[in-house]
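Pasting the feature list from Swiss-Prot:
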| type | residues | note |
| --- | --- | --- |
| DOMAIN | 2-241 | domain 'ABC transporter' |
| BINDING | Gly36, Gly37, Ser38, Gly39, Ser40, Gly41, Lys42, Ser43 | ATP binding site |
Amino acid sequence: MPQQIELRNIALQAAQPLVHGVSLTLQRGRVLALVGGSGSGKSLTCAATLGILPAGVRQTAGEILADGKPVSPYALRGIKIATIMQNPRSAFNPLHTMHTHARETCLALGKPADDATLTAAIEAVGLENAARVLKLYPFEMSGGMLQRMMIAMAVLCESPFIIADEPTTDLDVVAQARILDLLESIMQKQAPGMLLVTHDMGVVARLADDVAVMSQGKIVEQGDVETLFNAPKHTVTRSLVSAHLALYGMELAS
């Protein structure tokens, strides 16, 4: 399994250019946070990595490398990169139980799909009574439960990398904290490389090792999390950090 995945000069276009020459490097055991405002190109960059661009959007330049060798996004999805989606309610088939979802995920990747394996993954993400959870349909579960189930399926993939696209969006404060605890636990136990897409600098401060800031389809600043919080350079980065510090009655040094 690869130890590093590199996005090199990725460019995306629809009716007009959307992402301009984005380069990112994911490393096993480290969390790279991709931050920026809505419409900055964060989720599109993730979609390009996985080969799931929306209709009408195409990649016009760039490549993806695994340990320095060019690789197709389709060869990465699921096997080498697991995904935690932004909206879990739309990610599950409403006609299938959690057992069907989890089992099909395992079978598609050639992983064990026995009930003991599925139960262990569900228990690992803190969902109680795994036997009952496996019988549930998506509409019978809360947003927080569905997000945990999605993380359980990422655990089942045993992929060396994870893309987590706004994993705490639309969750209440308690559910958000639990999801962050889970992601932190996964990093400690499995040490995958993680691309964490978020607009929440509190999430960045807690989980990230490195940060890349996007604005208008470009990476405008990139560095380790400590440097970025203590000495942000770009106006977009300074605005994000200042807004975060203001929540605690603090100000960014001029």
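Backbone N, Cα and C atoms are what each Cβ position is placed from, and that goes for glycine too.
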Taking every protein chain in this structure into account, which of the binding-site residues Ser38, Ser40, Ser43 has the most other Cβ atoms within 10 Å of its Cβ?
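Per the Cβ count, the most surrounded site is Ser40.
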Near the ATP site, what residues other than Gly36, Gly37, Ser38, Gly39, Ser40, Gly41, Lys42, Ser43 in the same chain have a C-beta no further than 8 Å from the centroid of the listed C-beta atoms?
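Leaving out the recorded residues gives His199, Met214, Ser215.
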Can you check how the pLDDT averages out over the domain 'ABC transporter' (2-241)?
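PLDDT averaged over the stretch: 93.
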Gly36, Gly39, Gly41: which of these binding-site residues has the sparsest Cβ neighbourhood within 10 Å?
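Lowest Cβ count within 10 Å among the binding-site residues (Gly36, Gly39, Gly41) is Gly39.
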Fewest other CB within 10 angstroms, which one of the binding-site residues Gly37, Lys42?
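If we count Cβ atoms within 10 Å for the binding-site residues Gly37, Lys42, the smallest count is at Gly37.
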DSSP on Gly37 (ATP binding site), three-state: which is it?
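Where Gly37 (ATP binding site) sits, the three-state DSSP reduction gives coil.
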